[in-house]
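Enquirer: Pasting in a structure now, in structure tokens, and then I'll have a few things to ask.
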Amino acid sequence: MRPPWCPLHTPSLTPPLLLLLFLIGGGAEAEGPEDPELLVMVRGGRLRGLRLMAPRGPVSAFLGIPFAEPPVGPRRFLPPEPKRPWPGVLNATAFQSVCYQYVDTLYPGFEGTEMWNPNRELSEDCLYLNVWTPYPRPSSPTPVLVWIYGGGFYSGASSLDVYDGRFLTQAEGTVLVSMNYRVGAFGFLALPGSREAPGNVGLLDQRLALQWVQENVAAFGGDPTSVTLFGESAGAASVGMHLLSPPSRGLFHRAVLQSGAPNGPWATVGVGEARRRATLLARLVGCPPGGAGGNDTELVACLRARPAQDLVDHEWRVLPQESVFRFSFVPVVDGDFLSDTPEALINAGDFHGLQVLVGVVKDEGSYFLVYGAPGFSKDNESLISRAQFLAGVRVGVPQASDLAAEAVVLHYTDWLHPEDPARLREALSDVVGDHNVVCPVAQLAGRLAAQGARVYAYIFEHRASTLSWPLWMGVPHGYEIEFIFGLPLEPSLNYTIEERTFAQRLMRYWANFARTGDPNDPRDPKAPQWPPYTAGAQQYVSLNLRPLEVRRGLRAQACAFWNRFLPKLLSATDTLDEAERQWKAEFHRWSSYMVHWKNQFDHYSKQDRCSDL
């Protein structure tokens with residue numbers, strides 16, 4: 001999930017470097033015209049792949065495999081249709097187009113943003129998937145990992161360099177699949193009740209890809225009875241929604257949710273808000289022609305006639321208020337794919353026997369602050385004033401009432417240093433990260449564990465030596481992915497030897513989980529053990545260059561505030577407008593008193609005092 005985006009290269013893998021990788025082993029090797037390892041028969045027809053070199057050996061890659069009919073023209077906004085068979089042999093040797101999306105131009109040329117931007121042409125004809133498999137093909141069925149990218153449901157692509165599957169496939173001998181799915185209005189615009197734009201078609205794209213995996217992955221050496229679905233940010237929220245949707249649940253067997261959860265406050269909207277956003281976008285692009293009026297069919301027909309870029313150019317204007325970590329078109333609680341809110345489905349679900357791995361990074365909120373929080377920029381230390389902190393809380397928790405915002409301020413202020421710019425910067429980062437990622441993930445882990453699931457939890461704490469974001473941002477959202485996918489194994493990317501070893505360890509944890517539902521290595525019982533997360537002990541591990549360290553209570557105090565106290569406070573004061581006004585007045589008096597006391601104490605501390613007492 002990432003705020004606004006700009007294309008076309010991944011700065012960490014610059015064009016000269018990509019050419020070098022291609023020439024000396026990062027690209028395809030010369031193969032005989034019909035290498036049997038690179039010819040596969042799937043239900044749609046025959047495929048020809050290519051052999052790629054990873055640092056320790058070759059893998060087979062089948063890139064740009066169509067799994068759906070192009071969702072263009074009259075198919076815009078509709079559920080995907082399976083790809084019809086093709087004649088002859090289809091070349092699956094290059095990534096295909098990226099789904100049409102907003103492109104980030106806030107920091108042009110900066111590698112920290114460019115690495116997430118589209119690296120292929122934008123098109124609505126984008127429903128393709130990719131398969132990496134060991135070379136030669138496994139002789140016995142091999143566990144399968146299926147990746148869902150993040151990007152706030154408005155951006156992302158399976159072709160990004162950071163999602164290169166060759167390293168994990170070669171190192172661990174697993175089959176890896178990734179797919180494109182529609183994002184933004186193309187994937188999530190919803191007019192609930194309308195057959196023309198039902199919503200959630202991006203999730204249906206993902207489900208169709210999972211069905212394709214069940215039908216075809218055995219041809220690549222994969223085991224369709226051992227499929228692990230994993231994703232990050234909006235990809236993790238998507239994984240969670242498939243867990244909560246019965247037609248999806250039978251298509252995979254284990255789940256990994258990295259820095260995201262379906263119960264996050266940004267991850268879904270209700271039917272009323274979904275319709276409001278859809279009709280507002282329509283008005284912004286001049287639909288229906290002639291102004292107000294018209295039915296859903298006419299409105300959708302008009303929207304289908306608009307150029308794709310028109311929809312992208314206006315989609316951010318449908319949000320109800322200024323915010324960070326909120327996205328225009330997201331999954332809708334439609335009564336179909338999601339029969340109820342994620343929170344209700346999690347509370348009511350039966351998760352006995354489910355195996356889940358969940359986690360967060362150390363500084364989940366920092367990335368989003370440079371996309372709209374007052375006083376923040378990647379180009380300075382972002383040392384904010386108290387006024388900017390207070391304003392930042394309102395954009396960081398945009399749906400909060402005045403009472404809720406005051407409670408957030410009270411909880412996150414260091415009252416011994418209420419005006420300290422660095423502490424205020426860290427506090428706002430924690431507000432955004434805890435509210436949107438850490439505490440929804442912790443809540444999900446606890447509920448799943450309490451209902452019989454076997455859960456493992458982590459916090460990723462290593463800041464990559466190659467990271468281009470400023471130091472104050474710490475370990476930002478999304479920057480564990482390069483280690484999970486094994487990019488440090490590529491020597492030309494200039495990671496340290498320690499980071500290479502660390503990446504190998506993480507790939508082993510993820511692959512072990514895909515194989516057995518347990519990240520621990522049964523071949524190394526003397527290694528530090530990763531214990532399951534339970535609702536009582538709440539054990540999780542820290543992932544960094546040091547050996548595993550077991551801890552308890554992932555941001556427990558902060559998450560008690562978000563998951564327990566704040567909902568009860570708001571419920572208890574729902575109709576108490578006068579009480580809220582009185583509480584605010586008392587709070588402001590107390591807050592002013594604390595600031596005054598601190599100033600007086602600092603003044604006193606600087607005075608000369610009797611040295612002979």
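Cβ coordinates are placed from backbone N, Cα and C, and glycine is handled just like the others.
Annotation comment: Swiss-Prot describes S233 as active site, acyl-ester intermediate, evidence class sequence analysis. Residues annotated as active site, charge relay system in Swiss-Prot: E364, H477. As annotated by Swiss-Prot, disulfide bond applies to C99-C126, C287-C302, C439-C559, with the evidence given as similarity to another entry. Among the features that Swiss-Prot reports, N-linked glycosylation site is placed at N91, N295, N380, N494. Swiss-Prot lists 1-30 with the feature signal peptide.
Have a look at these and tell me how they're positioned relative to everything else.
Expert: Note on S233 (active site, acyl-ester intermediate): other Cβ atoms within 10 Å of its Cβ, all shown chains, come to 31.
Reduced to three states, the DSSP call for E364 (active site, charge relay system) is coil. Around the Cβ of E364 (active site, charge relay system), the same chain contributes S259, V432, G433, D434, N436, V437, V438, P476, H477, each under 8 angstroms and 6 or more positions distant in sequence.
DSSP assigns H477 (active site, charge relay system) to coil in the three-state reduction, placing it in neither a helix nor a strand.
In sequence order, P70, Q96, S97, V98, C99, Y100, N180, R182 constitute the residues six or more apart from C126 (disulfide bond) in its chain with CB-CB distances below 8 Å.
According to DSSP, C287 (disulfide bond) is assigned to coil rather than to any helix or strand. For C287 (disulfide bond), the count of additional Cβ atoms within 10 Å of its Cβ stands at 22 [all protein chains shown].
Its Cβ taken as reference, C439 (disulfide bond) is surrounded by 28 other Cβ atoms within 10 Å in the chains shown. DSSP classifies C439 (disulfide bond) as helix under the three-state reduction.
Taking the Cβ of N91 (N-linked glycosylation site) as centre and 10 Å as the limit, one finds 13 other Cβ atoms among all the protein chains shown. Mapped onto three states, the DSSP output places N91 (N-linked glycosylation site) in strand.
Long-range Cβ proximity for N295 (N-linked glycosylation site), meaning a same-chain Cβ under 8 A and a gap of 6 or more residues, is found for none.
Around N380 (N-linked glycosylation site), no same-chain residue at least 6 positions away in sequence has a Cβ under 8 Å from its Cβ.
With a 10 A radius on its CB, N494 (N-linked glycosylation site) counts 11 other CB atoms from all the protein chains.
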Enquirer: Name, in the order they occur in the sequence, the residues of the same chain whose CB lies under 8 A from the CB of C559 (disulfide bond) and which sit 6 or more residues away.
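Expert: Non-local contacts for C559 (disulfide bond): D434, V438, C439, A442, Q443.
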Enquirer: Report the member of C99, C302 (the disulfide-bonded residues) whose C-beta atom has the most other C-beta atoms within 10 angstroms.
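Expert: Going through C99, C302 one by one, the largest Cβ count within 10 Å is at C99.
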Enquirer: What is the number of other Cβ atoms found within 10 Å of the Cβ of H477 (active site, charge relay system)?
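Expert: Step by step: centre on the Cβ of H477 (active site, charge relay system), count other Cβ atoms within 10 Å, giving 28.
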